[in-house]
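Student: So that we are looking at the same thing, I have put the structure below in structure tokens.
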């Protein structure tokens, strides 16, 4: 059985690491509470991507944190990563699942309600709700969904979900309260002066928010409606 926790999902970008080795930032973030790591390095060669994947996988192994590879099925296979994350225009899910097998984690980005309805027909392991807010770290995405979109998608989805796009300390709580199972961040940790501290603070926010959501669900109130006024809490991530 697959074992993973979407609570605090780090997506890498070595160009935002302030000149520090990628593995240093990743390990510090894991020590601070990151629960999953996705290697997403769009502008490097296949050889360099593979080298980084092997390095990061070795870094994560002592902590039992799964490594997810963005888009590159070949790299995921070569480094024996725990999973793969694909977008709407990447390799078809059915092909990825056939090649990777049933025991690997596969995540799929969704950008609208139709994407979610299609994702519900697949045995994917989680969805990435993207983008929640606008973000300069990824410019090829659809219009931002806001918290209203997070709530609508999480209610419709039969899969666990993680929100990504412009998420930081000021709005992480809202993402969880809107229904997501976790948050995915890039610059909030990659560019932090102290990645371990940044991860620890975000981890605490997510943990406390989940406790509140679970309490209210147990009280019979269902998922929280946090669509206003927090839709304006945007980020420069």
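Positions of Cβ are set from backbone N, Cα and C atoms, glycine also.
Just so you know, TrEMBL annotations are computer predictions that nobody has curated.
Feature annotation from TrEMBL assigns domain 'Thiamine phosphate synthase/TenI' to 8-189. Residues annotated as 4-amino-2-methyl-5-(diphosphooxymethyl)pyrimidine binding site in TrEMBL: 38, 39, 40, 41, 42, 70, 109, 138. The Mg(2+) binding site annotation in TrEMBL covers 71, 90.
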Student: For the binding-site residues listed here (40, 42), tell me which residue's CB has the most neighbouring CB atoms inside 10 Å.
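Tutor: Counting Cβ neighbours within 10 Å, the top one is 40.
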Student: Within its own chain, what residues at least 6 apart in sequence put their Cβ under 8 Å from the Cβ of residue 38 (4-amino-2-methyl-5-(diphosphooxymethyl)pyrimidine binding site), listed in sequence order?
Tutor: 9, 10, 11, 12, 67, 68, 69, 70, 85, 184
Student: Tell me, how many other CB atoms lie within 10 A of the CB of residue 39 (4-amino-2-methyl-5-(diphosphooxymethyl)pyrimidine binding site), whichever protein chain they belong to?
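Tutor: Counting Cβ neighbours of residue 39 (4-amino-2-methyl-5-(diphosphooxymethyl)pyrimidine binding site) within 10 Å gives 28.
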Student: Give me the count of other Cβ atoms within 10 A of the Cβ belonging to residue 90 (Mg(2+) binding site).
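Tutor: Summing over all protein chains shown, residue 90 (Mg(2+) binding site) has 17 other Cβ atoms within 10 Å.
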Student: Just to confirm: which same-chain residues, 6+ apart in sequence, have a Cβ under 8 Å from the Cβ of residue 41 (4-amino-2-methyl-5-(diphosphooxymethyl)pyrimidine binding site)?
Tutor: 12, 13, 14, 48, 49, 52, 70
